[in-house]
Amino acid sequence: MEPIKVGLLGLGTVGSGTVNVLLRNAEEISRRAGRNIQICSIATRNPKKQRQCDLTGINLTADPYKIVTDPQIDVVLELIGGIDTAYQLILQAIAHKKHVVTANKALIAHYGNEIFTAAQKAGVMVAFEAAVGGGIPIIKALREGLAGNRIEWLAGIINGTNNFILTEMRDKGCSFTQALEDAQKKGYAELDPSFDIGGIDAAHKLTILASLAFGIPLQFQKTYIEGIEKIAQEDINYAYRLGYRIKHIGIARRRSAGIELRVHPTLIPDRRLIANVDGVMNAVLVKGDAVGSTLYYGPGAGSEPTASAVIADLIDVVRTLTSDPENRVPHLAFQPNLLVNTPILSIIEAKTAYYLRMQALDRPGVLADITRVFGENNISIESILQQEPISGEQDVPIIILTQRVLEQNMDKAICQIEQLSSIKGKIKKIRLEAFR
Ligand code: HSE
């Protein structure tokens, strides 16, 4: 049988990893796919640049449109990233009846609904395992492995750069900037690292996971996003002393009023497995009604781990090329005409526990005032840590952990506590989840 002909867009970190793994494991891959897979053409901005991979016999071009319109090509691998050009290229590829494999989380989160509709009409597949969790097969797990469950919630460490930075800050006491530079050198960070540290990259990924889990359209704009920029060394230390780790987490939870969709730093009890996922590693916890809690762990970024997911998709596409398009696994796990419009809750409607750090005058009655405000707002305190004053100082840090409460109640209480004459400045609020 003729080999499947692949056109690759982009020869960066993931693109070159994909070429290397496809060559190295060619025999095993074709035994799995049932066909040989041949990369025929690669579009790269600079075809003359020296590469870390063997490109013998592959046609190099600077024009990606030549690939997506080339009648010889069966499958296009979109590994250029970014939104606008990638969107146009994928639509062109679909219009030319090519299947597409992409690692582009931003594109799927923003335009996945349109792309999947176009693909369905054209009878082609758009596969995107590499878009979430790097090498972890989390899309496959949600879409197929857990298909019998009603998913209750999922929570993931889905940005390797942020996890790497938080881990380095805790383990080595190094600064935020040092850790970020190191993550960039290792090729984990996005081209614009503010996408990582600002939480946007994780929100792209959470948007995709939530659609697969609950059968809802992709709704990136409704995802609440907070990055890790405001996490101070002292918060990491206090959390540690109280038996918690701070992780940057994406959470999608089904509640009776709607779905919580939020990305933010989170305290997690250190005895939970997910709290011990360190460095660039990613992990996603999924709670299904039948299976209970399941945890998926692995490298969330990097050249060959991401290539691993791209190639798994490519093999999937090759295996199902000849199957009736109506009988393929749906792009978003649920049949496209049966997606539901469950409301996405705003952050003030979220229900979670909290870590609060405040600076208070060291005088009698301060704790009584604070606890009175909590009582009035129906908030239960889980624990309080009050530091000794540093000699000569009149104020002390107070750390309070609360039980679960609606965010709007917590915000109201924080506002009232900040007005107390014994409290100095603003209160630092970090959400806390026990993930039971
Ligand atoms: N910048 C991303 C991360 C790369 O750090 O997780 C993988 O999507």
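Every residue gets a Cβ built from N, Cα and C, even glycine.
Here TrEMBL flags Lys205 as active site, proton donor. For Lys205 (active site, proton donor), the same-chain residues that are 6 or more apart in sequence and have a Cβ closer than 8 Å to its Cβ are Lys105, Ala109, Ala131, Val132, Gly133, Gly156, Ile158, Asn159, Gly250. Lys205 (active site, proton donor) carries a helical DSSP state (H, G or I).
Every protein chain considered, the tally of other Cβ atoms within 10 Å of the Cβ of Gly10 (NADP(+) binding site) stands at 24. In the three-state DSSP scheme, Gly10 (NADP(+) binding site) is classed as coil. Marked as NADP(+) binding site by TrEMBL: Leu9, Gly10, Leu11, Gly12, Thr13, Val14, Gly15, Ser16.
There are 28 other Cβ atoms within 10 Å of the Cβ belonging to Lys105 (NADPH binding site). Reduced to three states, the DSSP call for Lys105 (NADPH binding site) is helix. TrEMBL lists Lys105 with the feature NADPH binding site.
As annotated by TrEMBL, L-homoserine binding site applies to Glu190. Under the three-state DSSP scheme, Glu190 (L-homoserine binding site) falls in the coil class.
In the predicted model, residues of the domain 'ACT' (355-435) average a pLDDT of 93. Taken from TrEMBL, the feature domain 'ACT' applies to 355-435.
Ligand 1 lies within reach of Glu190 from the binding-site residues Leu9, Ser16, Glu190, judged by a C-beta closer than 6 angstroms to any of its atoms. Local packing around the binding-site residues Thr13, Ser16 was summarised as the count of other Cβ atoms within 10 Å of each Cβ; on this measure the leading residue is Ser16. DSSP gives Ser16 (NADP(+) binding site) a helix state. Across the domain 'ACT' (355-435), the DSSP tally of helix, strand and coil residues reads 23 helix, 33 strand, 25 coil. The residues near the NADP(+) site, meaning same-chain residues not in Leu9, Gly10, Leu11, Gly12, Thr13, Val14, Gly15, Ser16 whose C-beta sits within 8 angstroms of the mean position of the site's C-beta atoms, are Leu8, Gly17, Thr18, Thr44, Leu79, Ile80, in sequence order. Taking only the Cα positions, the spacing between Thr13 (NADP(+) binding site) and Glu190 (L-homoserine binding site) is 11 angstrom.
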